[in-house]
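Contents: one structure, followed by commentary.
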Amino acid sequence: MTANLLDYDLEGLAAFCEGLGEKRFRATQLFRWIHQKGASDFGQMTDLARSLREKLAGSAHIQGPKVVSRHDSADGTIKWLFDVGAGDVIEAVFIPETDRGTLCISSQAGCAVGCRFCSTGHQGFSRNLTTGEIVSQLWFAEHFLRQHLGRQERVISNVVMMGMGEPLQNYSQLVPALRVMLDDHGYGLSRRRVTVSTSGVVPMIDRLAKDCPVALAVSLHAPQDALRDSLVPLNKKYPIAELLQACTRYQASAPRDFITFEYCMLDGVNDQPEHARQLVALMQNHSAGGLSCKFNLIPFNPFPASGLKRSAMPQVAAFAKILMDAGIVTTVRKTRGDDIDAACGQLAGDVQDRTSVDRRIAAQRQGMLGGIKVVVAKGMDV
């Protein structure tokens with residue numbers, strides 16, 4: 001079996017080249033061809049010696065994700081469904097803005113955390129993605145978008161690990177993928193523009209601070225443990241006090257001077273004025289220890305299995321005002337891609353359990369998505 005070169009960061013690729021009897025600097029050339037130019041054929045790499053290209057052809061390949069379908073939202077958001085084998089599907093979403101392009105990518109097929117408000121969690125957990133499967137979402141999206149938009153310059157400026165899965169429960173594959181994103185010979189993204197979102201795996205937050213500190217977003221969703229236990233089951237293992245202490249430690253290494261806290265607004269559950277006041281007290285208590293925060297209030301995207309409802313916008317505005325009046329920087333997330341199930345918490349689409357995955361792939365391959373624009377894709381020609 002040949003090696004998929006998307007599985008390697010630059011150091012790993014250098015070791016691979018040495019194993020072929022080549023100098024380490026060849027890895028830099030190869031890395032640029034793969035990630036900056038989107039090459040998938042060694043024959044394209046004209047500045048590499050023919051002998052090296054022949055070695056690579058016999059021992060390696062560059063395999064991107066298998067695209068099942070592409071969905072285009074009326075607001076410009078694009079969602080791809082990728083088949084990663086054995087009935088597992090993952091999704092990535094591109095969100096265009098006037099000043100940036102953000103790609104939301106997955107780290108696992110499914111998710112084991114099981115947050116009550118997240119449809120992905122209701123799908124269940126299948127497996128961790130490999131480094132190559134994580135990186136390939138960016139590799140495919142960046143080079144597809146350049147073709148699609150007719151642009152030579154970089155399209156994706158921000159990456160958020162907010163797709164399917166808990167990134168810090170796939171740590172060994174996540175960190176090399178982050179290094180590829182950050183490497184100047186790869187995508188050259190700023191640490192400030194790569195965000196890992198976590199439900200609160202405390203030991204891995206500490207490791208990430210040492211190994212590859214990028215922007216951190218924490219799914220908080222409640223001001224006290226009893227409520228968070230019911231919404232984010234991982235809280236029973238890593239309660240709020242431990243989580244915020246880890247965030248304070250992380251901030252010393254973080255590329256931004258604050259930690260973002262995500263808060264999904266659930267009608268009658270966590271959106272009352274007393275919840276906002278409890279959050280203010282909680283953050284003021286930890287700010288004395290050096291924690292600086294920003295809150296991102298997220299409108300809930302309903303799905304039948306949750307039994308939850310979205311907070312009314314006046315309620316969200318009142319909640320935000322309490323936080324802002326206390327000096328906490330607060331934003332309300334604008335939902336994007338709702339019409340293609342690409343918004344936050346919707347990245348399982350219509351998957352409610354593992355048995356429906358095969359039916360879902362088959363339906364989408366046939367373009368049977370009830371009015372959603374579907375483009376069945378082969379390779380990069382989407």
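Backbone N, Cα and C atoms are what each Cβ position is placed from, and that goes for glycine too.
What Swiss-Prot records for this protein:
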- Cys104-Cys344: disulfide bond (DISULFID)
- Cys111, Cys115, Cys118: [4Fe-4S] cluster binding site (BINDING)
- Gly165, Glu166, Ser197, Ser219, Leu220, His221, Asn301: S-adenosyl-L-methionine binding site (BINDING)
- Cys344: active site, S-methylcysteine intermediate (ACT_SITE)
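Location within the structure of each feature annotated in Swiss-Prot.
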residue : record                               : CB count, 10 Å
Cys104  : disulfide bond                       : 28
Cys111  : [4Fe-4S] cluster binding site        : 26
Cys115  : [4Fe-4S] cluster binding site        : 22
Gly165  : S-adenosyl-L-methionine binding site : 29
Glu166  : S-adenosyl-L-methionine binding site : 28
Ser197  : S-adenosyl-L-methionine binding site : 21
Ser219  : S-adenosyl-L-methionine binding site : 26
Leu220  : S-adenosyl-L-methionine binding site : 29
His221  : S-adenosyl-L-methionine binding site : 24
Asn301  : S-adenosyl-L-methionine binding site : 22
Item to check | Number of other Cβ atoms within 10 Å of the Cβ of Cys118 ([4Fe-4S] cluster binding site) across all protein chains | outcome: 27
Checklist outcome for this item: Sequence-ordered, the binding-site residues among Gly165, Glu166, His221 whose CA is within 10 A of the CA of Cys111 ([4Fe-4S] cluster binding site) come to Gly165, Glu166
Next on the checklist: Can you give me the Cα-Cα distance between Gly165 (S-adenosyl-L-methionine binding site) and Cys118 ([4Fe-4S] cluster binding site) in Å, rounded to a whole number?
Outcome noted: 11
Next on the checklist: Helix, strand or coil by DSSP: which one applies to Cys104 (disulfide bond)?
Outcome noted: strand
Checklist outcome for this item: Check: min Cα-Cα distance from Leu220 (S-adenosyl-L-methionine binding site) over recorded positions Cys104, Cys115, Cys118 goes to Cys115
Next on the checklist: Can you give me the Cα-Cα distance between Asn301 (S-adenosyl-L-methionine binding site) and Cys118 ([4Fe-4S] cluster binding site) in Å, rounded to a whole number?
Outcome noted: 8
